[in-house]
Structures are given as structure tokens and as C-alpha cells.
């Protein structure tokens, strides 16, 4: 009797563990997340790339690079013309044959104009950076296109006038009895020709800057 009572007490003290019942053939369907629409994500990414702020920022970066190259080219043209001179090895008691840019007012104007253009392009770099940071801002872009147009005209004027003088120095003018001097002053003519070519390159870059600014100011529909 004692053994039976002890066994019944153990049965009462042990917790009863109920196993979950499995419904055979009646399992619940698993819930899956809907598949991601990759086409929609790619379309959204393309729209962000083709947004006005996106392509205008790219134009502003290209503008900054061209502006930096144009500034270096204009200052190089002014420095080359200002440092070009040549003195012939023979001279007389009263004459010394020397060629310098200060002998011709056109060459002096060339140095002044290209120095101004190079300084302007250097000072305009912060405005170009503003256009990169704020590609939709209109006032800095409008300021740049106006100033670039003026500087392009000045550069073309100085380069064209100096090119005419360099042409006369190389070929002369028989109707005006102007003799070519580049046979005697070869180094001087070579230096001035290089400066004129650099100035025309700077003018071409300024023209591209004007086109870029006009393209950036274009309104998108």
C-alpha cells in the first residue's frame, strides 16, 4: 500500500507535458514576402541620374575643368609674350638691333588682355564650384556666361591683332615695303607665334564655356 501511495504521489508531482497535435493534411501555408521589383528600382535609379540636378552637376564639373585649363593657357600666353625678346649679336656705335614686345603697342595690349583674362578665369573658379554644389542655382551661372562672353571677345580681339603683326613679321608686305624680320629675329618670332596660338586656344575654351553655361541654363520640361 505504501508503494502504491508513493507511486501515485510521484505521478501527481510530475508535470504533465502535452504534445502539440499535428493536423495531418491540413498544414498552414507559409507566408512569403512579395518579390522585389528590380525593374522599378532600376527605373528610379535612372530617373535620379537623369534629373536636372544630376546632369547639371556634371556640366558644372566639366565647366570647372575647362575654366582651369583656360586660365592656365591665358596666363601662359601672356607670360610667353612678355618674356620673349631677342638681341642680335652685332651692333653699331649708335644702333643696337633688339626685338621686344614693348616695341609694338599691339603686343603690349596682348599681354595686358591675356593677363586680365587669366586673372578673371582664376577668380571665377569659386563661382564654378558654387555651380557644382548648387547645380540648379541660376544667378552664378548667369554671371559666368555674361563675363565669359566679354572675356572671349577681348581674347579674340587681342589674339587676332597680334596674329596680323606676327604674319607681317614672318612674310612682310611688298606693297607697303615692309620687310620680313623673322629671318633675323627667329627666336622672337617663334615665341610670339606660340603666345598667339595659346591665346587662340584660350579663346576657344572660353567659347565652349559660354556654350556650357547656356546649356546649363536651359530649362528642363
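Using N, Cα and C of the backbone, Cβ positions are placed for all residues, glycine too.
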Query = Going by the topological domains in Swiss-Prot, would residue 81 and residue 173 end up on one side of the membrane?
reply = yes
Remark   = Between the ranges 86-106, 149-169, Swiss-Prot assigns transmembrane segment to 149-169
Inquiry  = Under 8 Å between C-beta atoms and at least six residues away from its ends: which parts of the chain pack against the transmembrane segment (59-79)?
reply    = 110-111, 114-115, 117-119, 121-122, 124-125, 128-129, 131-132, 135, 144, 155, 195-196, 198-199, 201-202, 205-206, 208-209, 212-213, 215-216
Note = Around the Cβ of residue 173 (N-linked glycosylation site), other Cβ atoms found within 10 Å total 11
Query = Which of the three DSSP states, helix, strand or coil, fits residue 173 (N-linked glycosylation site)?
reply = strand
Distal contacts, the topological domain 'Extracellular' (170-194) - CB-CB under 8 A, six or more residues away = 80-81, 83-86, 88, 97, 99, 101, 107, 162
Remark   = For the topological domain 'Cytoplasmic' (131-148), the distant same-chain contacts (Cβ-Cβ under 8 Å, at least six residues beyond its ends) come to 52-54, 56-57, 59-61, 63-64, 120, 124, 206, 209-210, 213-214, 216-217
